[in-house]
Amino acid sequence: MSAIRYELIKKCKQSGARLGRVYTPHGCFDTPAFMPVGTQATVKGMSPDEMKEIEAQIILSNTYHLHMRPGEDIVKEAGGLHGFMNWDRPILTDSGGFQVFSLSDLRDIKEEGVTFKSHIDGSKHFISPEMAIKIQNDLGADIIMAFDECIPYPADYDYAKKSLERTTRWAKRCKDAHRNPEKQALFGIVQGGMYKDLRQQSAYELLELDFPGYAIGGLSVGEPAEIMYEMLEVTVPLLPEDKPRYLMGVGSPDYLIEGATRGIDMFDCVLPTRIGRNGTVLTSKGRIIVRDAIYARDYTPIDPECDCYACRNFTRAYIRHLLKSGEVLGIRLTTWHNLRFLINLMKKVRQAIMEDRLLDFRDEFFSKFGYKKI
């Protein structure tokens, strides 16, 4: 029996979007959903209670970083991630593949796995598909990911094909190594670069392995938005209707809405926390850099339409002052706001799906935010 169950509640008559709910051992979450990223078993600047206040239903943690520090053995002793970080709602862990291929000084990719140098101290490490699953079994998240190879953009066709076929073999090894399928759902990850036929090949090969959910990886890595949408349009229709679909590493408002219109259920990204730390905030009328001098005497909220703690209590002028003074509260408030903005955006997306008006909502939002339709 699978650790999770996907319930399809409604299909949007105006688009390919769907309203759903995913049930896990630690409760359910509504889809389409944005998952805040807690890389080091914490969403930067936010406590678990604050994450609940902004209505985060599920968060993501990072296998690579937790393996490096403090080590999965410590997390397991503490009662898994849920006990370690005192979070009683669903958690998803990535496999560490993306970090191994992007952060580390790569040494060698072989069929057995990947040898790499730590980004912390330069020490040499090896991760195989079996090890990635063992680490995630110890971390204890509700949803875990197969170990995949993340190729750069651009990549030539032959390498993309060779890589996706290795990713399929690794996915089978991950499934064979998984020791806790009744408590942790293992998702396969579709790869294939920016080639339609390779994306289709990857999807078909993973479908044969019958995972409880499917992710689409290797997108939003520098390619034009039109290409990402093309890859979604050839991949998503191949994925099972009765299982969740997860677009990895995507979190800008336009990508969230466009992904939802194409049938994606789950998204994650560090964008809201990362840009918040740099003084950039998302508003219903577009991004603003609140630390800029223009806001020194702006006594309005970050976004008058937002209901978050920062917008209910503080002004742009005050938050700018905090950021310019190097006060931690400034970063906390911009982070709080950005996370709430995206979580609330997904609530509006779900409501628009329920009312069969997602494309209308998209057009209205894009017009106010300053996006162009592609």
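Placement of Cβ uses the backbone N, Cα and C atoms for every residue, glycine included.
Taken from Swiss-Prot, the feature active site, proton acceptor covers Asp94, and the record attributes it to sequence analysis. Residues or ranges marked as active site, nucleophile in Swiss-Prot (evidence: sequence analysis): Asp268. Swiss-Prot lists Asp94, Ser95, Gly96, Gly97, Phe98, Asp148, Gln191, Gly218 with the feature substrate binding site. Swiss-Prot lists Cys306, Cys308, Cys311, His337 with the feature Zn(2+) binding site. Marked as region 'RNA binding' by Swiss-Prot: 249-255, 273-277.
Projection of Swiss-Prot feature records onto the structure.
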| residue | record | DSSP (3 states) |
| --- | --- | --- |
| Asp94 | active site, proton acceptor | strand |
| Asp148 | substrate binding site | coil |
| Gln191 | substrate binding site | coil |
| Cys306 | Zn(2+) binding site | coil |
| Cys311 | Zn(2+) binding site | helix |
| His337 | Zn(2+) binding site | helix |
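The Zn(2+) site is set by Cys306, Cys308, Cys311, His337; from the centre of their CB atoms, other residues of the chain with a CB within 8 Å are Pro301, Ile302, Asp303, Asp307, Tyr309, Ala310, Arg312, Trp336, Arg340, Phe341.
Below 8 angstroms of C-beta separation, residues 34, 98, 217, 219-221, 225, 228, 267-272, 282, 342, 345, 365-366, 369, 371 of the same chain, each at least six residues beyond the ends of the region 'RNA binding' (249-255), sit close to that stretch.
For Phe98 (substrate binding site), the Cβ neighbour count at a 10 Å cut-off comes to 22, with all displayed protein chains included. Its own atom aside, the Cβ of Asp148 (substrate binding site) has 31 Cβ atoms within 10 angstroms in the protein chains shown. With respect to Cβ neighbours within 10 Å, the active-site residues Asp94, Asp268 differ, and Asp268 shows the lowest count. Each residue contributes its Cα atom, and for Cys306 (Zn(2+) binding site) and Gln191 (substrate binding site) these two points are 37 Å apart. Counting Cβ atoms from all protein chains shown, Cys311 (Zn(2+) binding site) has 24 others lying within 10 Å of its own Cβ. The separation of Cys311 (Zn(2+) binding site) from Gly97 (substrate binding site), Cα to Cα, is 37 Å. His337 (Zn(2+) binding site) sits 28 Å from Gly218 (substrate binding site), counting Cα to Cα.
Apart from Asp94, Ser95, Gly96, Gly97, Phe98, Asp148, Gln191, Gly218, the substrate site neighbourhood in this chain, defined by C-beta within 8 angstroms of the site C-beta centre, holds Val100, Phe101, Met145, Ala146, Phe147, Glu149, Cys150, Ile189, Gly217, Met248. Of all the Cβ atoms in the protein chains shown, 21 others lie within 10 Å of the Cβ of Cys308 (Zn(2+) binding site).
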